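Presented below is the structure to which this report refers.
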């Protein structure tokens with residue numbers, strides 16, 4: 001008996017040390033005192049352990065020992081989930097010096113432990129130990145890697161979460177990752193021979209999801225037509241000669257398109273293909289003067305920020321106007337940094353005007369990729385994040401989005417209907433989906449996702465509720481609209497799908513509408529089972545954010561800038 005107990009005690013200590021070894025002891029450049037722990041390490045994404053998937057975990061600011069786990073995936077395919085952490089929903093935003101971190105007061109770890117997985121292998125810090133520069137990926141392989149990685153996370157990396165309620169979440173191409181992974185997890189939970197280690201799987205959230213290729217193309221044609229991107233004459237021509245009098249709301253415009261990778265589509269050169277090309281264009285080359293990820297947001301000038309060029313990756317995300325002189329740069333930098341407290345702000349409110357973009361966060365989205373790339377490619381940061389020498393020996397660099405994966409990726413499923421249908425059919429316990437969309441995104445538009453979910457609901461006999469507004473609690477301003485589909489399957493499990501829009505947000509909802517986004521996700525993960533979620537509720541989110549204390553700093557200008565950024569962030573309504 002004593003020998004058995006000793007063995008159990010040794011095993012517990014071993015497991016705990018396995019999880020705690022990934023604790024980040026000192027995150028370089030952190031300008032505020034974090035009241036939560038962060039972890040960075042690796043999980044095995046295949047059975048023999050040669051595929052190493054990097055993860056970061058930011059524990060909840062509230063009750064990390066009991067709060068649910070929220071798993072986050074960025075899309076691409078080929079984009080790092082650390083982009084989501086440092087550019088959207090995480091607690092750390094990178095200053096334009098690429099060296100320091102200021103606080104995002106609207107981070108999603110307000111009442112959840114958030115796990116970021118860099119998927120698939122080859123993205124970010126994830127790597128193949130046997131094949132340097134391994135950048136081959138496809139939908140089935142990504143799903144298998146994600147399933148194995150999450151299994152390893154619960155069993156080995158952080159076993160304290162094995163019995164915790166958990167949810168999946170992500171955006172963009174995660175609209176394919178998440179339904180496929182959800183399907184695999186449900187199958188695993190139902191498999192008595194090789195069960196998934198955590199059975200407390202309660203929901204999945206997809207933001208601006210790439211879930212139905214043709215549906216998104218057809219809906220973008222309509223969205224663009226009604227957002228002034230075509231003349232009345234050309235639209236009449238399209239209806240007369242392309243849809244030929246058929247209902248344009250249900251017409252398949254995608255038949256006039258072509259693609260080399262089944263992800264990016266252009267007009268096929270036919271008469272109708274040429275007519276719809278201006279409507280389906282998403283400014284992929286960055287030469288059309290608008291941001292495809294947020295139709296109404298601009299970067300007027302990102303050259304004022306002294307960040308290096310990005311390490312590589314993404315198709316043009318943000319375009320900016322012609323650069324300015326070094327004298328102008330210095331002047332504008334001083335106007336940003338030399339607030340020195342609220343007294344000077346009161347003297348000259350004009351210093352608050354942001355001339356770099358049309359947002360109120362100092363154009364963060366215009367330059368954050370460059371700053372984040374610089375930060376995550378520094379040796380001291382990589383050491384703090386427990387990045388192994390084996391990854392460095394492969395001459396890797398961290399990239400926000402790795403184009404070598406994007407260009408080699410094989411899309412196998414151009415619609416996710418089958419996965420939603422499998423999930424809904426096979427669930428044995430209550431489950432909920434949140435399908436949310438910023439309503440001014442052209443890459444994965446809200447209308448295409450709404451039509452897709454309507455079809456899923458019809459296929460599975462779900463009942464439609466009314467479409468109602470939801471409000472941001474801080475000032476009761478309209479935050480968007482929500483509609484719920486619900487019903488029970490053959491196993492008597494209640495399934496709900498909340499179809500929600502976020503007013504004025506684009507592709508990156510957690511950045512574009514920070515306050516409403518964290519209110520939305522907190523209500524989703526904390527709402528009781530079998531209820532219609534009230535996304536306006538303050539029960540799970542306090543909009544009166546209390547900022548963390550600052551760490552001591554020898555640089556008064558850095559602290560001044562940090563304070564000014566806080567002042568701006570706290571005045572965000574949307």
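Cβ coordinates are placed from backbone N, Cα and C, and glycine is handled just like the others.
Listed in Swiss-Prot for this protein:
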| type | residues | note |
| --- | --- | --- |
| ACT_SITE | 172 | active site |
| ACT_SITE | 441 | active site |
| ACT_SITE | 507 | active site |
| CARBOHYD | 48 | N-linked glycosylation site |
| CARBOHYD | 163 | N-linked glycosylation site |
| CARBOHYD | 241 | N-linked glycosylation site |
| CARBOHYD | 408 | N-linked glycosylation site |
| CARBOHYD | 414 | N-linked glycosylation site |
| CARBOHYD | 426 | N-linked glycosylation site |
| CARBOHYD | 534 | N-linked glycosylation site |
| SIGNAL | 1-19 | signal peptide |
By a 10 Å Cβ neighbour count, the lowest-scoring of the glycosylation sites 241, 414 is 241
Minimal Cβ count within 10 Å, across the glycosylation sites 163, 426, points to 163
Counting across all protein chains present, how many other Cβ atoms fall within 10 Å of the Cβ of residue 441 (active site)? 29
What does the structure give for the C-alpha distance between residue 48 (N-linked glycosylation site) and residue 507 (active site)? Integer Å is fine. 37
Ranked by the number of other Cβ atoms within 10 Å of their own Cβ, which of the recorded positions 172, 408, 534 ranks first? 172
For residue 534 (N-linked glycosylation site) and residue 507 (active site), the CA-to-CA distance in whole Å is 23
In sequence order, what residues of the same chain, 6+ apart, have a Cβ less than 8 Å from the Cβ of residue 507 (active site)? 171, 172, 208, 292, 293, 294, 438, 441, 443, 444
Determine, to the nearest whole angstrom, how far the Cα atom of residue 163 (N-linked glycosylation site) is from the Cα atom of residue 408 (N-linked glycosylation site). 37
Residue 426 (N-linked glycosylation site) to residue 414 (N-linked glycosylation site) - Cα separation in whole Å: 22
If you draw a 10 Å sphere on the Cβ of residue 48 (N-linked glycosylation site), how many other Cβ atoms land inside? 8
